[in-house]
Amino acid sequence: MLFAQKKAKKLSFETIAKALGRDEVAVAALFYGQAVASDDDVKNLSKLLDIPEDNLFSTEIQAPPNRGSTMEMPPREPLIYRLFEIIQNYGYAYKAVLNEKFGDGIMSAISFSTHVEKEVDDKGEWVVIKLRGKWLPFSRF
């Protein structure tokens with residue numbers, strides 16, 4: 001329903017995100033059932049996509065999602081596989097650098113935000129993905 005109306009209205013995630021006051025990645029996550037919509041999100045989506053509020057409220061859009069359930073591992077979709085490959089190739093390097101800078105811990109994916117940008121130079125178009133997660137030190141017990 002969400003994707004069909006997005007397509008019918010020729011809206012981008014960026015346009016929808018501006019209307020909701022959210023980041024475009026967060027809005028895409030809502031569409032894929034990987035994030036929770038607030039009451040305001042539902043009301044704004046209803047207006048923007050011409051979907052009756054009751055239809056949206058009756059979906060799982062406000063229920064806690066079963067995150068990470070949308071794909072098999074390793075992923076087959078080429079772009080998603082490349083993101084997976086980045087972690088395969090650089091995961092331990094990221095871990096080593098983060099541990100040097102912050103100590104023993106993890107980067108939260110709960111207290112977290114992300115943003116996608118596009119850069120263009122004389123060599124082509126470039127993807128910039130910013131990940132911002134709260135550092136959570138492991139507790140000693």
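Cβ coordinates are placed from backbone N, Cα and C, and glycine is handled just like the others.
Where the annotation comes from TrEMBL, it is an automatic prediction and has not been curated.
If you check TrEMBL, you get these features:
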- 69-141: domain 'Cyanate lyase C-terminal' (DOMAIN)
- Arg82: active site (ACT_SITE)
- Glu85: active site (ACT_SITE)
- Ser108: active site (ACT_SITE)
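Everything TrEMBL records as a feature, shown here on the structure.
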{"residue": "Arg82", "record": "active site", "contacts (Cβ under 8 Å, 6+ apart)": "none"}
{"residue": "Glu85", "record": "active site", "contacts (Cβ under 8 Å, 6+ apart)": "none"}
{"residue": "Ser108", "record": "active site", "contacts (Cβ under 8 Å, 6+ apart)": "Gly133, Lys134, Trp135, Leu136"}
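Across the domain 'Cyanate lyase C-terminal' (69-141), DSSP helix (H, G, I), strand (E, B) and coil residues number 25 helix, 31 strand, 17 coil. Over the domain 'Cyanate lyase C-terminal' (69-141), the average per-residue pLDDT in this prediction is 95.
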